[in-house]
Amino acid sequence: MARGHQKIQSQQKNAKKQAEIKKSKGHDQKTAAKVALVFTCGVCRSQMPDPKTFKQHFESKHPKSPLPPELEGVEA
(Lines of atoms letter the chains of each structure in order from A and count residues from 1; the text may use other names and numbers.)
(Lines give C-alpha, C1' and ligand atoms only; values in the text may rest on other atoms or scores of the structure.)
Protein backbone atom coordinates (compact mmCIF):
# COMPACT_ATOMS: atom_id res chain seq x y z
CA MET A 1 0.00 0.00 0.00
CA ALA A 2 1.22 3.45 -0.86
CA ARG A 3 1.53 6.01 1.91
CA GLY A 4 1.74 9.74 2.17
CA HIS A 5 3.00 11.62 -0.87
CA GLN A 6 2.97 8.56 -3.12
CA LYS A 7 -0.71 7.93 -2.27
CA ILE A 8 -1.67 11.50 -3.15
CA GLN A 9 0.22 11.31 -6.46
CA SER A 10 -1.49 8.03 -7.30
CA GLN A 11 -4.93 9.50 -6.57
CA GLN A 12 -4.24 12.56 -8.72
CA LYS A 13 -2.96 10.41 -11.56
CA ASN A 14 -6.05 8.19 -11.39
CA ALA A 15 -8.39 11.20 -11.29
CA LYS A 16 -6.70 12.65 -14.38
CA LYS A 17 -6.94 9.30 -16.18
CA GLN A 18 -10.63 8.94 -15.34
CA ALA A 19 -11.33 12.49 -16.57
CA GLU A 20 -9.63 11.75 -19.90
CA ILE A 21 -11.66 8.56 -20.32
CA LYS A 22 -14.89 10.40 -19.58
CA LYS A 23 -13.96 13.23 -21.95
CA SER A 24 -13.08 10.88 -24.81
CA LYS A 25 -16.26 8.89 -24.29
CA GLY A 26 -18.39 11.91 -25.23
CA HIS A 27 -22.14 11.47 -24.92
CA ASP A 28 -23.91 8.28 -24.00
CA GLN A 29 -26.32 6.19 -26.05
CA LYS A 30 -29.37 7.40 -24.19
CA THR A 31 -28.73 11.01 -25.18
CA ALA A 32 -28.01 10.07 -28.79
CA ALA A 33 -31.23 8.05 -29.00
CA LYS A 34 -33.25 10.92 -27.60
CA VAL A 35 -31.79 13.31 -30.20
CA ALA A 36 -32.71 10.89 -33.00
CA LEU A 37 -36.42 10.94 -32.08
CA VAL A 38 -37.50 13.93 -34.15
CA PHE A 39 -41.19 13.35 -34.93
CA THR A 40 -43.80 13.57 -32.17
CA CYS A 41 -47.34 12.28 -32.50
CA GLY A 42 -49.83 15.03 -31.74
CA VAL A 43 -52.41 12.62 -30.35
CA CYS A 44 -50.43 10.40 -27.95
CA ARG A 45 -47.14 12.34 -27.75
CA SER A 46 -45.00 9.31 -28.60
CA GLN A 47 -41.81 10.02 -30.52
CA MET A 48 -40.58 8.43 -33.77
CA PRO A 49 -37.23 8.63 -35.59
CA ASP A 50 -38.46 9.10 -39.17
CA PRO A 51 -41.60 10.10 -41.11
CA LYS A 52 -42.22 6.58 -42.46
CA THR A 53 -42.46 5.13 -38.95
CA PHE A 54 -44.54 8.10 -37.88
CA LYS A 55 -47.06 7.50 -40.65
CA GLN A 56 -47.28 3.77 -39.89
CA HIS A 57 -47.84 4.58 -36.22
CA PHE A 58 -50.49 7.16 -37.01
CA GLU A 59 -52.40 4.88 -39.39
CA SER A 60 -52.42 1.94 -36.98
CA LYS A 61 -52.95 3.72 -33.64
CA HIS A 62 -55.17 6.65 -34.68
CA PRO A 63 -57.17 5.52 -37.75
CA LYS A 64 -60.12 7.84 -37.03
CA SER A 65 -57.99 10.97 -36.65
CA PRO A 66 -57.14 13.04 -39.74
CA LEU A 67 -53.61 12.61 -41.07
CA PRO A 68 -51.30 15.52 -40.12
CA PRO A 69 -50.18 17.71 -43.05
CA GLU A 70 -46.50 16.75 -42.66
CA LEU A 71 -47.41 13.10 -43.45
CA GLU A 72 -49.41 13.72 -46.63
CA GLY A 73 -46.61 12.97 -49.12
CA VAL A 74 -44.85 10.25 -47.10
CA GLU A 75 -45.03 6.73 -48.45
CA ALA A 76 -45.32 4.01 -45.78
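Each residue's number is its place along the chain shown, starting with 1.
Glycine too: its Cβ is placed from the backbone N, Cα and C atoms.
Note that this is a predicted model, so its numbers are computed, not measured.
Here is what TrEMBL says about this protein:
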type: REGION; residues: 1-31; note: region 'Disordered'
type: DOMAIN; residues: 1-36; note: domain 'Small EDRK-rich factor-like N-terminal'
type: COMPBIAS; residues: 17-31; note: compositional bias 'Basic and acidic residues'
type: DOMAIN; residues: 39-61; note: domain 'C2H2-type'
type: REGION; residues: 50-76; note: region 'Disordered'
type: COMPBIAS; residues: 52-62; note: compositional bias 'Basic and acidic residues'
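Residue counts for the compositional bias 'Basic and acidic residues' (17-31) under DSSP, helix first, then strand, then coil, are 12 helix, 0 strand, 3 coil. Across the compositional bias 'Basic and acidic residues' (52-62), DSSP classifies residues as 10 helix, 0 strand, 1 coil.
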